[in-house]
Every structure is written in structure tokens, then in C-alpha cells.
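First comes the structure, then the notes that go with it.
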């Protein structure tokens, strides 16, 4: 009972910390899977031939003909052979990457209840649509599709007696007991389980769904561990299988992605997860994904896209901002060649340009990403989010407002965050410009609290943060107390200063804005928010100065915040986040031991503040990178 209780709570933590913490739709075409630690696969591609990425050779134009040729009448119960399932799923992936989303679904739909790979591909696209739209009907459709997919995969799994079912897969007998088709069924079943678990968490916030979702993750995790052992056995005995490379690709994708995702979690959560058998190893995860990417399986592209998501998105939001742009560019190059107008490919291309500091180029690519297709508006919303931030970085406030307004009107992902950002951006404009928009800033801030939502039983951290900040405009107060630089504060929360650090001109312009706010504060009458506002300005000023290579002045700003700790009344998050910035500053000056000491102080001495989990993610990433040299 104790283990079950731990399992329930800890698996909820996994989703709270990874799926919820990012607070924005994922950028990869499918959720990631599970892993095992301590089993290192010797790579036959140790040099990670990122230039040797293999795409499915199937011609997307031949999809209808192939479907008719490779299968039998759908009215029969005949199973589709493994070769046909793999080929058509590869074609569907190419269609998806070419923005032909409906074509991909229609190719897979007729055989989704007969073929495990048709079922996996079809349900994955439906689930992705549900996650991106956040419409309740789409979520229900996704759950239904994934339930059917699990039933289809179950048809192909090896059947065992009641007695045998009490033992693990490998202890039931020798490797020869599993046919090649049954091995693939295990991989497909594990992938479907994990996706269904994700939707179970999103669907409702009751405890029963928590337990159901947690057990699905646990089962998926165990299947991947067992498949990894099978993979090693096949390699050891040099057994011949026609589609071994596809099975290997599935194992590398699942174990690699799960290793990578679990390694991101704060140390205290990892220790608890290890108690019930979970573990994560970042180097092993990246190695497995790189090996999968350099293979020729259908999942090679998915391994690449997972690494790209890690480098271009996760490393920035949940990390230190130290991104392996070079590897991201190498991985993306063959995608750009084969899918030059693919929305997902263009999105990654724009993200890479953004991380390099090429904001103008990124802006153009994001706009192109919007223009190339109308079928899935959800990709537009991803681009609007990025375009909004680019304009914030450039302080083009009216244009930033335009994109924030589009998000408020069209996207359901986080209305509270969108409305808060719209109000925050309007707060940066002169009053006459705000009047021209026909918006009321106070009214917008007051709407935030009513728009917050819960996922997996938890509020989104950024929404909770927005709600707390918006309380200064509450109707219960005698008068609103204006927020200071709210758009730049949110920019800091999303690690935007890391991107701006590549551009001296933008950092200088931001410093001017911050110093104007600093001067305005000094001329205002003292109130209960004054110390908090002053400390926020000092933190933002320190970030600008650090980006401009003025470390001594930056350190003075940061120290002011830390020394004001006992005077803060509301924004207690400022001190631990400032300690993180001090650590980053010392690390840039080569004082690694001092930097680590500040990280540990921020991690161990503070709790129950806004965005605590986000900071713990960043601390974990920094400790991982700074304590030893890394080739990531």
C-alpha cells in the first residue's frame, strides 16, 4: 500500500513538473516515452552521424495506391502484416511533416483497428490535435482513439496463461517465445499507454484518473525496460530479424526520451522516483536518441525531433539557456531539405534562428510557418506566441499586443496567461496608445483570476503567478496599484534575457527602459509594494548589465535584492531567482565552486514561493552542466 501511495503521488509529480511546468503546447509530433538507467548501449554510431538521417523512402504521392495494394478488405478481421503497417505509417509521417494532416489520418484510419502501426499512427495524430486545441471534444476523441489503439496492439501481443501473467515478460521464457511481430506489439503498446496516460491527466482532475494515469506510465516504463533487454539479447546473439532496425528505433526513442525527460526533474523528485524503480540519465538518453536518429527506422525522424525539442525549447525554458545550437542545426538540415514548407520543420528553424539572436530572420520564418498551411490553426498559435515574444524583446509593444490579442481570441491553452500578458504589454504603452486599442488594462487584469485552469489536478505555475500579480488590480482594493514593468518580468520568467544576451543593441535598449522605471519609482510615494517593485527593477537591471558584460554593476544589483529579503512582502520568489542569477554570473567568471554554492543555497534554503518548480528545474540543469564537463 505504501508503494502504491508513492507511485500515485510521484507519477503526478512527473506530469506536474514536465508537462505542466512548461505551460505551453509541446512542439514535437508525439509525446515521449520511458527508460532505464545503468544499461549503456554501446553505440555503433559513436560519432553521431547527424548528417546521415534516413527518411522513409515511401513516396507520399503513392499513399492511396499502396494502401490498396498492401492490405485486404477492411470488412474482414484479417490482420495487416508488419511490413505493410510500417510502410504506411512511414508514409503518414511524411504526409504529416508535409502539412497534409488530413491525408495522413485518412491513410491510417481504415486499418487503425487491424494494424498496430496504423493504430499507433492514427491515434498519435488525434492525440496531438487534442493536446494542441485543448478542446474537450478533441480530448474525448483522443482518449477514444487511444483506447482503440491499445486494443489493436493487444491483439498482436503474446498471450499468456493466468499463472504466467504474474511473472515479468522476460522471466516467462526464452527470447524465442516472442515473435518479431509480438516484439513490435510491445513497443507500440508502450507508446500508446503513455499517450493515453497524458490524456487521462488532462481529461479530469480527480484522484482516480491520477492513479490510472500513473499506473499506465509505470506499465509503459516496465515494457520499455524489458524491450531494452530483448534488444541487448538480439545484439548479443546476432539474431536475424527482417525489421530489427525498426524495433531498435522504437526502443531507442522510448528509452532515450524517457531517460532525458526524467533527468530534467529536480534532485528531490528523482530520488523519490528512484525509490519505486524510475531513473533518468541525460547522457544515456541523448546517446540513445542520437543512435536512433542515425538509424534508418521510421522512428529516426522522431528521435531527431525529440532532440530538437530538447535543444530549442526545453533547454531554454527549464534549463540555463545554454543550448547546443550546432547540433540542432545539423539535425534540422535534412528536414529542411525534404520538408522546406513543413510547419513543424519551419517552427524549429525559426527557434534556432531565435536562439542565435537572429530575431529578424526568426520573425520571417515564423510568419512563413503561419502562411504555409491553414489546416491546423494550432501551429499558428505556437508561432503567435513566439512572434509576441520577439516583439517584446524588440520593445515593439503594439505589435506584441497584436499577437497577444490573437492568442486570447484563438487559443484555449492558457487564457489566464494570455490575458495577463496582453494587459502587461499594454501597460508598457503610452496611455494614448492604449486608448486607441479600445482595451481597458484594469479590466483585463481583473479577468485573470477567473480564467485560471487546472491540469492533472494542478494549476499551471505561470497562471498562478499571473493571478498573484494581477491582485494589485483587484476591485476590493481602494485603487489599483500599477505593476512595474510587467511585460519584462514575464520575459524574465520565460528566460527571455538569455535570448536577448546575443544582441547588445536590444540589451542596451532594455536597460534604458529599466532605468527609466527605476527613476520613476524613486519619485513615487512609498507604499506596501515599493520594496518589491524596487527589487524587481534591480533584478531586471542586473540581467541587462550581465548581458552587456558589466559584471560588477550586475552583482551590485543582485546583492541589493538579496539584502532586501526580509523587507519583501509579496514577491518572495525574487530572492532565490536572484541567487540563481548570481550563480550564473560567477560561473561566467570562472568561479564554479562559488556558483554551485549559490545554487545550493537557492535550492535548499527557500520554499513555497512563486515558480519554485521552474527554478528547481533550472538549478538541476545548471548543476548538471557545471559540475562536470559535458558534450551535450
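Even glycines carry a Cβ here, placed using N, Cα and C.
Listed in Swiss-Prot for this protein:
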type	residues	note
REPEAT	343-376	repeat 'TPR 1'
REPEAT	535-568	repeat 'TPR 2'
REPEAT	576-609	repeat 'TPR 3'
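Same-chain neighbours of the repeat 'TPR 1' (343-376): 27, 29, 97, 99, 101-102, 129, 132, 305, 308, 312-313, 316, 323, 325, 328-329, 332, 335-336, 382-384, 386-387, 390, 393-394, 499, 501-503, 506, counting only residues six or more beyond its ends whose CB sits under 8 Å from a CB of the stretch. Secondary structure of the repeat 'TPR 1' (343-376) per DSSP (helix as H, G, I; strand as E, B; remaining residues coil): 26 helix, 0 strand, 8 coil. Sequence-distant contacts of the repeat 'TPR 3' (576-609), counting only residues of its own chain at least 6 positions beyond either end whose CB sits under 8 Å from a CB of the stretch, comprise 266-267, 320, 492, 535, 539, 542-543, 546, 551, 554-555, 558-559, 561-562, 615-616, 618-619, 622-623, 626-627. Helix, strand and coil counts from DSSP across the repeat 'TPR 3' (576-609) read 26 helix, 0 strand, 8 coil. As a summary of secondary structure, the repeat 'TPR 2' (535-568) carries 29 helix, 0 strand, 5 coil according to DSSP.
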